[in-house]
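Pulled from TrEMBL, these are the features on record:
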type	residues	note
BINDING	HIS124, ASP154, GLY227, ASN228, SER229, THR245, ALA246, ILE247, VAL248, ALA249	substrate binding site
ACT_SITE	HIS124	active site, charge relay system
ACT_SITE	ASP154	active site, charge relay system
ACT_SITE	SER229	active site, charge relay system
DOMAIN	265-361	domain 'PDZ'
DOMAIN	385-454	domain 'PDZ'
Amino acid sequence: MSIYRFVLLACLLAGVLLGGCREQRQEASIPVSVRDSKVAPPVEKPPKELLTTQRAFSEVSTKVTPAVVNIQAARVRRGPQLGPMFEDFFGELFKRHPQRQQQTKSLGSGVIISAAGFILTNEHVVKGAEEIKVKLADGRVFDGELIGTDPDTDVAVLKIKDSNELPVAVLGDSDALQVGQWALAIGNPFGLDSTLTVGVISATGRTDVGIEAFEDFIQTDASINPGNSGGPLLNIYGEVIGINTAIVASGQGIGFAIPINLARLIAGQLMEKGEVVRGYLGVGIQPLSPALAESFGLDRPTGALVNQVLAGSPASVAGLRRGDLLLTYNGREISGVRSLQLLVANTPAGGTAELGILRDGERMQLTVTIVSREEQAAANEATESGKIRDGRKTGLGLTVIPAEEGGVRIEAVDPEGASAKGGVRPGDLVLAINQYKITDLSSFERAVQGIKQAKYVRLLLKRGSATLYLAFPAS
């Protein structure tokens with residue numbers, strides 16, 4: 001055998017061996033795991049509790065998903081209009097080449113709440129929509145009719161027409177919710193139909209979130225993403241307990257839902273009248289600071305403090321007074337200003353409410369008849385007339401002068417005094433000090449003498465067109 005043939009044969013043999021090794025390495029680098037029915041799973045007996053919970057989640061999804069819909073709202077954006085001057089120059093050009101209209105679409109979710117085809121969703125999902133398409137879980141698509149919206153609570157009602165019987169969700173009781181209970185969200189996040197996410201009720205009664213005018217949100221860590229808006233939040237029984245509405249963009253696992261009891265109330269009015277009529281009480285209220293709470297003998301700030309009662313209002317007729325502290329409304333605790341506003345707004349016109357109040361250290365009950373909420377004219381700003389006269393210094397770190405409209409007006413405030421730190425400003429009109437009504441300088445001086453033993457000074461002031469209470473340590 002020649003050297004040439006020997007070298008050639010050796011190269012071929014090496015290639016075969018290397019190829020085999022490479023093939024073996026490739027096969028070894030791609031492990032394949034196939035479920036074999038004859039082979040036991042890694043966990044043969046998961047805890048029964050977990051299996052029961054898993055089946056419950058699946059059952060909720062199976063039963064409720066048919067009643068959850070995908071909503072597509074189309075809006076048309078038109079180009080800016082030309083002014084008369086530009087029309088003279090470019091009118092013929094734009095007649096030959098009309099401005100293009102851009103159509104934008106938003107995706108959201110909704111839930112069927114009536115066999116007649118009524119659908120509950122968010123107002124922001126359908127706001128400004130010129131065309132609404134509703135897609136059911138079975139793939140059918142309908143034109144959606146907008147029945148009504150309520151921007152103050154972000155609730156809207158649509159309607160579809162179908163000769164067949166529609167699947168309907170069961171509405172639960174959001175007032176019975178407790179923190180830690182299961183919460184399941186079904187919707188169409190990012191257009192992905194019929195998506196289920198699971199979490200818990202993180203909190204209830206969330207106000208001052210800054211999303212809507214009237215807030216009483218359920219907070220949950222069940223994942224809520226764009227497209228989930230308007231979809232249902234469910235309990236473990238498959239009942240709708242809320243309507244998903246918002247997320248905190250900077251926070252993971254923080255989502256909010258409108259309680260179904262509130263959404264149901266709003267939806268009922270929209271279906272019946274096409275609009276929402278809210279209750280009206282006729283008081284000006286403010287929250288309690290820790291200092292104000294202590295001046296009322298409370299261990300924590302709670303309730304809403306009445307700083308104004310409008311003449312002829314339901315509050316005035318019922319006997320509410322400035323300085324009353326509202327603690328309960330029909331037996332429900334008033335946690336703050338937003339809480340009272342929501343309770344009053346949701347009371348139908350003509351309905352009555354039992355108010356629990358604290359007046360001069362005594363608790364009492366008043367009955368008020370709520371009327372329809374009226375649009376209030378902008379309050380006229382009070383004018384301060386008259387020239388500044390010689391001011392009188394007081395032991396409260398205030399310099400006061402008589403006011404032509406009655407009472408005394410604060411001319412100067414000691415910047416290092418407790419009154420300044422409590423928020424008192426020059427120009428404020430003093431109407432009362434603690435339980436003493438102020439009508440002139442003499443009554444002011446008597447009031448200052450009468451509160452020497454008090455721990456806190458509570459002032460009722462008029463500032464511009466508003467009245468408010470402030471409190472600060474008497475020392």
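From the backbone N, Cα and C atoms, a Cβ is placed for every residue, glycine too.
Shown here: features listed in TrEMBL, placed on the structure.
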{"residue": "HIS124", "record": "substrate binding site", "DSSP (3 states)": "helix"}
{"residue": "ASP154", "record": "active site, charge relay system", "DSSP (3 states)": "coil"}
{"residue": "GLY227", "record": "substrate binding site", "DSSP (3 states)": "coil"}
{"residue": "ALA246", "record": "substrate binding site", "DSSP (3 states)": "strand"}
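Each residue contributes its Cα atom, and for GLY227 (substrate binding site) and ASP154 (active site, charge relay system) those atoms are 15 Å apart. Per DSSP, the secondary structure of the domain 'PDZ' (385-454) breaks down as 14 helix, 20 strand, 36 coil.
Per-residue confidence over the domain 'PDZ' (385-454) averages 79 (mean pLDDT, predicted model). Taking CA atoms as the reference points, SER229 (substrate binding site) and ASP154 (active site, charge relay system) are 10 Å apart. In this structure the C-alpha atoms belonging to HIS124 (substrate binding site) and ASP154 (active site, charge relay system) are separated by 6 Å. In the domain 'PDZ' (265-361), helix, strand and coil residues by DSSP number 29 helix, 27 strand, 41 coil.
A 10 Å cutoff on Cβ-Cβ distances gives SER229 (substrate binding site) a total of 27 other Cβ atoms nearby, all chains included.
The two recorded residues ASP154 (active site, charge relay system) and ALA246 (substrate binding site) have their Cα atoms spaced 10 Å from each other.
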